[in-house]
Each structure stands twice: as structure tokens, then as C-alpha cells.
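Novice: Sequence annotations record features per position, and here Swiss-Prot assigns ATP binding site to LYS46, GLY53, ARG54, GLY55, GLU99, SER102, GLU107. The Mg(2+) binding site annotation in Swiss-Prot covers ASN199, ASP213. Sequence annotations record features per position, and here Swiss-Prot assigns substrate binding site to ASN264, GLY321, ILE322, MET323 based on sequence analysis. If you look up Swiss-Prot, you'll see 9-244 marked as domain 'ATP-grasp', on the strength of sequence analysis.
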Amino acid sequence: MNIHEYQAKEILHKFNVPVPKGFVAMSAEEAETKINQLKSDVLVVKAQIHAGGRGKAGGVKLAKSAEEAQQFVKGMLGITLVTHQTGPNGQQVRRVYIEEGSSIKKEYYLSIVIDPKLSRPAFIFSSEGGMDIEEVAKNFPTKIVKLDIDYAADFASFDSRKLSNIFNLSPEQIEKITNVAKNIYDTFIATDANQIEINPLVETNSGDFIALDAKISFDDNALYRHPEIVELRDYDEEVKEEIEASKHGLSYIKMDGNIGCMVNGAGLAMATMDIIKYYGAEPANFLDVGGGASKETVTEAFKIILSDSNVKGILVNIFGGIMRCDIIASGIVEAAKGMSIKVPLVVRLSGTNFEKGKRILEESGLNIIAADELDEAAQKIVKEVE
């Protein structure tokens, strides 16, 4: 689950991470009533969307007066912001964040994530803040350092000496960066986050370190422990199909292709998307129905897939383990009859009761194209949508 920058800063502030003073506004009138709370010669107006690259897209503006800030607010609210992370359709700006400007001496990058190989937190630090960390890794690989955290030693395992040795930072700078990192780590653990990114972490002319921008994402599997975080969810920032899928226990991610996919198991789903691409087409989605899908779940999955107008064909790829292929086949037939599916439908069943499942499909009287192997199924659906 993702949240807005202003929400991330509110959380970080509670854990004593220094952030600029600011407020959120959902209308120009609201901004006008609150603008006098800020006492700074420079104000920063930021569009609040769940995507990076706002600055290059015109979603971050520097104002030299309250009046100019209000003009930026009026011009920003309601526009559709297109960045490298939003996709071509962009995201509508429904709220803006206005904060006091900071005197910037140097920009750094600091984040904490879960290292998937080690299954433990790791800090990423760079002396090149303010730009995508992927670009830094590509163009300045020597300016990034990874600091692993040992759960047994907790934050005491944060090796600040690496920062000193690699980036030639003073003891005072190291102490302040370490303090910020400690508070970020506390936030990370307490909120069950899976990423906190500060980009940039700025050193001001007075020598202080401030989180000028902040991004936090949380582990969906731990949200039941944090109802206060769930309340921060902004459904306007999420894909409607993904919201609907989550209501039915489905894992769905919308993509830009035209072949809908319904698969059980994340690994098999990714393999299915890969083979579709291998044969020259593009998947329209990732959809994992899980190991305990019912007829009702399959029907909902079809509804979600077909709600995407780009879908020109559907590939169902099921391996029956816990989930029986005959149950899935019955669900497919029931859904196809009830929804009058008009796009080509290729189904590949393998595993528990797959022969029963194939008979159910064959005897349904529906125009369902059967396949025994994934390779065969992919070629058939690609041919159908060409």
C-alpha cells in the first residue's frame, strides 16, 4: 500500500525525522486559509500523486510569495500529470502540499528496503540525491553504498564508517545522518513498511539534515495490524480493477497489452506473461486467482479482465494442485455462459482432475479453445488476437 508524500512526512515527523513545515490542501480556498501558517520567503507547491517524476512534469513549483503559491495551487489542482511512472494516461491532481522552502547545501539519497536475498532490512545511501536511484546506479555506481541491518543487532549494525570512508563525510555529518537513519529505521519497523525513501535528504546551509521528499510503502499482509495506516489509503490513486480484485482475494496488476491472463500462482502467472511476450504479443494483466479459487472467484476474475477494453483475448493457465481443474473448468463454463464472453478464450489445464476439467470444457458447447501445453496455449491465443 502506498501513501502520499504529505502523509509520509506526517508519519516520519512522529518518529522525529526532520521534515519541512507544511500543509495539504484540496482546494484553492483551503490553501488560502492556511497559507499564513508558513513563515518562509520561499514556498514549495507539490502535486500529490502516487508517482515519481513530478518535478520534471511541472508538479513541483517554487513560489516567492504567498500570492504566487496560491496561483500555482489554482493551476495545479485538477490537472492530469503525466510522468515516467504514471503511464501515458497520467494521474489527476486532487490535492497539493505546500511547505516551507529550505536552503540547500547538498542533496543526498537515503532509503531502507527489505533485501530479498538476505530477508532483512538494508539502507541505501548515495551522495547523489534528487535524481532516480536507478540513474545513479547506472551513471555513478561508486556513489552508492548498501548498509545491511542485522536483526539480532538491530540498528547497532548500521555501519556508519562506510559512509565516512566512501563519501569523506565529517564526524558531525555522520552523526546527523546516523540519527536520521535511526529514526527512519524505527519508523520502518513500527509501521511494517517495506520501503521508506528520502530523496533528497538535504543538508541545509546551517548544517541540518532534512527529509525534503519522502515516500513510504507498506506491507499489505501486515495492514491488519495498522488500521490507522489503512485509513490513509487513497483509492483515487489506485487502478479500479486492482481495488475490485482485492475485494475478492485476487492479485491483479493492470498492464498495457491486449491478452488477458488468468493463472493460479504468481510464478506461473509471470511465466505465462513471459511466453505471451515471447510469441510477440503483450499481456493485459497479471492475475493470480490463488490456490483456493471457487466458481464465484473465477467469475469475478473474468469480470475484472473484461472490464479492460484493451483485452482482445484471454488465456487461462491453471495447474491443479490444491485447486482441482474440474472446479476451475466448471467456473469457466459458468462464467462464460453468464457473461457471454465474446473474445477468444484459450484454456490450458494441468494437474489434479485435469481430464475431468477438459471434458467439462468440451461438453459445454462453448467456443473454448483447449491446449495441453503452455507453449501451445500461448501460440493459440496470440494467433487468435492477431
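In case you wondered, yes, glycine gets a Cβ from its N, Cα and C as well.
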Novice: Between the Cα atoms of LYS46 (ATP binding site) and ASP213 (Mg(2+) binding site), find the distance and write it as a whole number of Å.
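Specialist: With distance taken Cα to Cα, ASP213 (Mg(2+) binding site) is 10 Å from LYS46 (ATP binding site).
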Novice: Taking the residues LYS46, GLY53, ARG54, GLY55, GLU99, SER102, GLU107, which the record names as binding ATP, find the longest CA to CA distance and state it in Å to the nearest whole number.
Specialist: 20
Novice: If you average the pLDDT over the domain 'ATP-grasp' (9-244), what number do you get?
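Specialist: Reported value for the domain 'ATP-grasp' (9-244) is a mean pLDDT of 92.
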Novice: About how far apart, in whole Å, are the alpha carbons (Cα) of GLU99 (ATP binding site) and ASP213 (Mg(2+) binding site)?
Specialist: 11
Novice: Return the residue, from the listed binding-site residues ILE322, MET323, with the maximum count of other C-beta atoms within 10 angstroms of its C-beta.
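Specialist: Top count of Cβ atoms within 10 Å goes to MET323.
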Novice: Determine, using Cα-Cα distances only, which of these binding-site residues is closest to ILE322 (substrate binding site): GLY55, SER102, ASP213.
Specialist: ASP213
Novice: What subset of the binding-site residues GLU107, ASN264, GLY321 lies within 10 angstroms of ASN199 (Mg(2+) binding site) at the C-alpha level?
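Specialist: Cα filter at 10 Å returns GLU107.
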Novice: Can you tell me how many other Cβ atoms are located within 10 Å of the Cβ belonging to GLY53 (ATP binding site)?
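Specialist: A 10 Å sphere around the Cβ of GLY53 (ATP binding site) contains 15 other Cβ atoms.
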Novice: Measuring CA to CA, name the entry from the binding-site residues ASP213, ASN264, GLY321, MET323 that ends up nearest SER102 (ATP binding site).
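Specialist: Checking each of ASP213, ASN264, GLY321, MET323 against SER102 (ATP binding site), the shortest Cα distance is to ASP213.
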Novice: To the nearest whole angstrom, state the Cα distance for the pair GLY55 (ATP binding site) and ASN264 (substrate binding site).
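Specialist: Just about 40 Å between their Cα atoms.
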Novice: Long-range neighbours only, meaning 6 or more apart in sequence with Cβ under 8 Å: which ones does GLU107 (ATP binding site) have?
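Specialist: For GLU107 (ATP binding site), the qualifying residues are GLU128, GLY129, GLY130, PRO200, LEU201, VAL202, GLU203, LEU212.
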Novice: Per 10 Å Cβ neighbour count, which of the binding-site residues LYS46, ARG54 ranks highest?
Specialist: LYS46
